[in-house]
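Some notes on the structure that comes next.
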Amino acid sequence: VENVRLVDRVSSKKAALGTLYLTATHVIFVENTPDTRKETWILHSQISTIEKQATTATGCPLLIRCKNFQTLQLVVPQERDCHDVYISLIRLARPVKYEELYCFSFNPKLDKEEREQGWMLIDLSEEYKRMGLPNNYWQLSDVNRDYRVCDSYPTELYVPKSATAHIIVGSSKFRSRRRFPALSYYYKDNHASICRSSQPLSGFSARCLEDEQMLQAIRKANPGSDFIYVVDTRPKLNAMANRAAGKGYENEDNYSNIKFQFIGIENIHVMRNSLQKMLEVCELKSPSMSDFLWGLENCGWLRHIKAILDAGIFIAKAVSEEGASVLVHCSDGWDRTAQVCSVASLLLDPHYRTLQGFMVLIEKDWISFGHKFNHRYGHLDGDPKEISPVIDQFIECVWQLMEQFPCAFEFNERFLIHIQHHIYSCQFGNFLCNSQKERRELKFWSGMYNRFEKGLQPRQSVTDYLMAVKEETQQLEEELEALEEVRPTCYE
Amino acid sequence: MFPEDSKDLFGFSPGEQLLCEASTVLKYVQEDSCQRGVYGRLVCTDFKIAFLGDDESALENDVHETQFKNKVIGENDITLHCVDQIFGVFDEKKKTLFGQLKKYPEKLIIHCKDLRVFHFCLRYTKEEEVKRIVSGIIHHTQAPKLLKRLFLFSYAAAAQNSIANDPKNHTVMFDTLKDWCWELERTKGNVKYKAVSVNEGYRICERLPAYFVIPTPLAEEDVQRFQGHGIPVSSSGNPKNTGRSLAHPGKIILLKVLGFVTEEFVLPALHSGNIIAKEVYLRIYRTIHRPPYEIVKTEDLPSNFLSLQEIQAAYSKFKQLFLIDNSMEFWDTDIKWFSLLESSSWLDIIRRCLKKAIEITECLEAQNMNVLLLEENASDLCCLVSSLVQVMMDPHCRTRIGFQSLVQKEWVMGGHCFLDRCNHLRQSDKEEVPVFLLFLDCVWQLVHQHPPAFEFTETYLTVLSDSLYIPIFSTFFFNSPHQKDTNMGRESQDTQSKPLNLLTVWDWSVQFEPKAQTLLKNPLYVEKPKLDKGQRKGTHFKHQRQLSLPLPQSKSSPKRGFFREETDHLIKNLLGKRISKLINSSDELQDTFREFYDSWHSKPTDYHGLLLPHIEGPEIRVWAQRYLRWIPEAQILGGGRVATMSKLLEMMEEVQSLQEKIDERHHTQEALQAEAPCLLRNSARLSSLFPFALLQRHSSKPVLPTSGWKALGDEEDLAKREDEFVDLGDHQRQLSLPLPQSKSSPKRGFFREETDHLIKNLLGKRISKLINSSDELQDTFREFYDSWHSKPTDYHGLLLPHIEGPEIRVWAQRYLRWIPEAQILGGGRVATMSKLLEMMEEVQSLQEKIDERHHTQEALQAEAPCLLRNSARLSSLFPFALLQRHSSKPVLPTSGWKALGDEEDLAKREDEFVDLGDV
């Protein structure tokens, strides 16, 4: 831990003098002014980039950018110190092993049982039961036990009853990274379902009987409709390009009774750049009106958000109105597919708009289906090209919905921000690793969800609270009434 | 003319005359890309163009329909002054209509100045009638008119008796000397300034009001002399020049804040080279330069601010974004929403106005300088800037009465040329500049950013902007008070001895029922704690007094201290700079401006003190309620800010009823019949553009007689379901319960029906022409989307987002939370939310009280529910930005932190913060 006096610059010319501490987990800056001693805490895992700028007369400036978009400019008087800080921060901000992450040193003073309970809070089999599964059409398959078929899928998967293990395995061989079609959401009102997979390895002409049978099985699992939608969430151009690489999309001629649809959501690289541009717009110092609007439109971020919402609406419509099942895929079926499936489920099912339901939704569509948290959010030192704000976009979609319908959600904006914070902070084990398999190999426990249970109430949900208050009021009024009837006699 | 009963039938106003009419006109309903419509008669009178549907009765029974109905202008009425442009459709081609027509169109499209768009199909109308109605409408809306022919006069003459009783609305009209004196007293400006009546009867100048205020040392005779009275120049120079030179001493606005006298002078430009003007100017300048007056800064508005042409050009581009003929057009423009918005540069103009106002505020507040505003006529940008400054500096102007008085003083009496600027007489399109609208939009930005600081709502501003075009109110139909007085005076000599009694727009009861008027009042408004009555005496304007008390000394002292400090700091700063290097003055100004702006925004907001708007890009918004209210695609049923607001209102009513109950018990000790506060104002039915958009949507109901019942039944059904849901919501406390089966069944039915409809539609299309599949998909998608969004939202059912450009936002809390410039202390949504929480706490405390009584049966010591969680301290990006600012922990142990974890710490710090707020 260093003990250097530093100057902090937020945005104006005013600078605060203070001390910088580096701990094993945080960067802490404490101001020297005796009465306030303002502190700024930054978690190492939140640090996205560190920049050392050219030395000036006052000292050596150091710019720290965080993943939650906070930026901190420090000026260290001694260049040597600055270099030390820089080097150690680079090391600390990019751990190499999982064991170095914050969640392994974070001790919320819970004993082992309590921690285990934290992990028990979300039970996916309970969730499938809520959807009305298993039933006559869908069953739990053990084909992926010990991750034999697909290592990025969970072990417990729901597939159509008519799909035999042979069909599933055959289908998985025809799908990128063996991610075969599996159930994501079941709409019990009309038996329609949302399934997810990765792209087929169709190339220009390849066919696979089992894969075709698999899609038939999904269609038959919904007696209300004689076709299924296959939604490719990529722009058509990208899908064509993939076809040249031996991958691609379903040919409507080969699969009977499917309706194929492209929805152009751009890939992770476009999204990453878009966010970067958007942040630049937000960080402009006193931008003119036209700078702002022009920048906002040009970064395209809101357009991408809209594309995801569009896809969600399309699927929600297919499921609820047309009663048709939908198979969603993108390239590997873990980024855009997760976004789209979870948005559609959120639109369809009010349960996912509750606190518990939202956590279940993330657990189901993101964590269990192998969204690559580690790669996308850069928990461990890795390829910067893999980093992309995929789940951030989903959370933002939810926020947009919340902005439009403030009364429809049990949780609030803060809850979303907390989730987003912890996706990057690695304070809890939930968002570690790239898949269930990796996670199981690590074996750890944590209690993130417990925190939300305790920490956010009662301010978290205005609507819920209001309802409770209302009910209580009514009860009290009744009591009051009863009381009043007794009362005159008391006084007489 | 016509029999009495037919007048009643049409719902004509007194004095209104029918000019022409046409029957079996089909009015299209906008939302279905013009496929459905209502039959009825199109009528043109000397007041309005009205569409009278053949089947009006179905509308009557809707409660919401009547809730916010304008009594003067119906939903299908367009006053002649409200017509912006008229288009005709000839063989699918749209052309602007004007002058004499050779060919008559089959469809008439009317764009209104309040941004409504009407489509009338004339295909089924007799040719004779088409000719008459089209040429009638064109003539009466577009041909230049004489002032005397305004409907205003015939209305006033006809309705003489009914409007005789002038109701007490407490707006100060500034048409008597007493009013001006009162204003002087209110602002404590009576030491250095005096009100004069030299211009009584407009002897000196016609551009000035009869009474005005000048600096005390200036003698009344001087005023007369400088005005060119008896000086040969006035006769040789053109009368306009004289007018200009006269304008200046009159427009003295006194703002007294914090014990310093600060004031603005509106002076004419000196460009004219008029010697007299220069002399006057110098004299005035010298007068106010002497002590006790402070330094003067002159601000020449047209040359370094905005030009009227810019405003005009920007607005005409901007309004095109909202004058949309059909939903096709909407979706086409939607993709480019932001760049279109940018290219209109309307928002930029708003920003520049706000910025200018802040600059002037800074001069007055922080630097103690007087400001002279210069403009050629002193009646456009001067009005705009000076009234904006007053809204920002004087809390009185943020009350409804105060705002109305301000408009009256600055705009009506200040001689803003409403007649020309609104082009009421259609004499010159060049003169038509929406300056007043720009002012309202600027105020709206302030209202939007600081909801608790204003007594009125955005709805108030919207209806005020609509009232510009209703020619029964005299307020906005004259160029100057002189014009008004002379026109009224002559009338009275000619006909009767009684002078005409013109209505003022401030009498809202003319337009709205009392219930609708409540929508003009802001429930979030933080009323100022009242002072003891003994402290101030005076019998006049008692009501206003309460609202308009000047800042008490005690309260202002810390603030003053702050400004002193700031000023000292500033001076030092400036001196330092001057020594170190040569800098030009504008740079320096920029600097002090920034500093002032930043320092103000970093303090908690005092809603009854100075109020500055934010002028960063993300904070300047489109005034959705005014501009988007007629576009069905842009509304969110049961969503948006309105939902939060209505929830708040519900809570407040509940609190009130509980309070009343407690009071009642206290006083009477009688048995209380528990009346359930049955005020279910169901928020799910309100549109985000409430109260306007709702009207329109419901009006489309009786369109198709065959499916109309279905539609109606559907609606009712939904309403029922909603109630069900709300109840369910009550019971569904755990919320993890799966939704019961019974609940979803009606919805399913609804979707089935829709599907049927869709399928039929699709089949029909397939037969008629070959369309490619993606198009079809797009189509059904759109249909589904639209049909869902046109129903009230069921929060526990299917939920679809809006994907229109204006609805997709930047997530401010996430992206901007670290940027100090982007936060509004005590503003934004967070203010509403915290208010809601406050209310909830209050409800709870009341309940606790009831509980207590219940148990103990003891007398209750009236404990004030002291739950003031001061919403003024919350930032709009709460809780993040705040944490950064306030987090204060005494000591830092070296090792313990790791174990404690920063999460817990954050939570704690927040709690601390709340405590601070309490204190």
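Numbers run from 1 along the shown chain.
Note: Cβ is positioned from N, Cα and C throughout, glycine not excepted.
Heads up, TrEMBL stuff is auto-annotated, nobody curated it.
Per TrEMBL, domain 'Myotubularin phosphatase' is recorded for A:118-492. The predicted model assigns the domain 'Myotubularin phosphatase' (A:118-492) a mean pLDDT of 83.
All protein chains considered, the CB of A:TRP334 (substrate binding site) has 26 other CB atoms within 10 Å. Secondary structure at A:TRP334 (substrate binding site), as computed by DSSP, is coil. Annotated substrate binding site per TrEMBL: A:ASN267, A:ILE268, A:CYS330, A:SER331, A:ASP332, A:GLY333, A:TRP334, A:ASP335, A:ARG336, in sequence order.
Annotation comment: TrEMBL describes A:299-343 as domain 'Tyrosine specific protein phosphatases'. Per DSSP, the domain 'Tyrosine specific protein phosphatases' (A:299-343) is made up of 29 helix, 5 strand, 11 coil.
A C-beta separation below 8 Å, combined with a sequence spacing of at least six in one chain, links A:CYS330 (substrate binding site) to A:SER198, A:GLN199, A:ASP232, A:THR233, A:ARG234, A:ILE265, A:ARG336, A:THR337. The feature active site, phosphocysteine intermediate is assigned by TrEMBL to A:CYS330.
A simple way to gauge crowding: the CB of A:ASN267 (substrate binding site) has 15 other CB atoms within 10 angstroms, across all the protein chains here. For the substrate site, the Cβ centre of A:ASN267, A:ILE268, A:CYS330, A:SER331, A:ASP332, A:GLY333, A:TRP334, A:ASP335, A:ARG336 serves as reference, and the other residues of the chain with Cβ at most 8 Å from it are A:THR233, A:ARG234, A:THR337. With the fewest other C-beta atoms within 10 Å around its C-beta, A:ASP332 stands out among the binding-site residues A:ASP332, A:ARG336. The secondary structure of A:ASN267 (substrate binding site), as reduced to three states from DSSP, is coil rather than helix or strand.
For the substrate site listed in the record, the two most distant Cα atoms among A:ASN267, A:ILE268, A:CYS330, A:SER331, A:ASP332, A:GLY333, A:TRP334, A:ASP335, A:ARG336 lie 12 Å apart.
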